[in-house]
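Quick look at what Swiss-Prot lists:
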- 91, 92, 94, 99, 143, 183: L-histidine binding site (BINDING)
- 60-67: disulfide bond (DISULFID)
- 1-22: signal peptide (SIGNAL)
């Protein structure tokens, strides 16, 4: 009798594990906007590189799923996910209340503040008084765009939206905008520490608004894909525990990008 009960328990456990595994797609299409170094961009050979790309590849390997990347502008990623043109978003996507009304997120992958980048000889600060009459570049579909349109645009500050972060920096260096407003880490590693950004700096402190900027970034998923989300969260927790996350992060950052 005990042997029969044990056999039944093993069968049930195996069936549950098999069902959970079957619920995870064998192939996943991951949407990304490759204009946001060091998280996602293209190298000289046209290959996708960056911290998000490395994280996604490792997560896919751990859940035994074949992943392909689909390039899209940031503001097209959530509509593409909901329309089932892609299965996940890995593109430095902030976990915000507004976005959580539309999609689900994995656990936090890393954190970053939002800051202005200005010329070194500029005294621009992230205040209405300092920015009034100025032109501020933002990436379409970002929390920075939302903040700018809600808090700055009504007070005489021109918010200029772009489809690629590289275009923002090009216009900043050409003098067509007065400041760029983006993720602090992306600005530091992808622009300020590069030769093209040598004449630029952060303009003032970080802009804080937890409701708009969220509590960190995560992988975006459809709300109904619970098994996939749970599998990714489990894999990510294992990466944090076994040192893989830290190893990948050190390729790009000289500080704790995960945050508190």
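Note that Cβ sites are derived from N, Cα and C of the backbone, with glycine treated the same way.
Recorded features from Swiss-Prot, shown on the structure.
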residue	record	Cβ within 10 Å
60	disulfide bond	20
67	disulfide bond	18
91	L-histidine binding site	28
92	L-histidine binding site	27
94	L-histidine binding site	22
99	L-histidine binding site	18
143	L-histidine binding site	25
183	L-histidine binding site	26
Checklist entry - How far is it from residue 183 (L-histidine binding site) to residue 60 (disulfide bond), counting Cα to Cα, in Å? => result 26
Checklist entry - The record names 91, 92, 94, 99, 143, 183 as the residues that bind L-histidine; what is their largest Cα to Cα distance in Å? => result 17
Item to check | Rounded Cα-Cα span from residue 60 (disulfide bond) to residue 143 (L-histidine binding site), Å | outcome: 27
Checklist outcome for this item: Spacing of the two Cα atoms, residue 92 (L-histidine binding site) and residue 67 (disulfide bond), in whole angstrom, works out to 18
Checklist entry - What is the nearest of the binding-site residues 91, 94, 99 to residue 67 (disulfide bond), using the Cα of each? => result 91
Item to check | Chain-mates of 91, 92, 94, 99, 143, 183 with C-beta within 8 Å of site centroid, L-histidine | outcome: 74, 93, 96, 142, 214, 217
Checklist entry - Rounded to the nearest angstrom, how far is the Cα of residue 60 (disulfide bond) from the Cα of residue 99 (L-histidine binding site)? => result 23
Item to check | Distance [Cα-Cα, Å, rounded] between residue 91 (L-histidine binding site) and residue 60 (disulfide bond) | outcome: 15
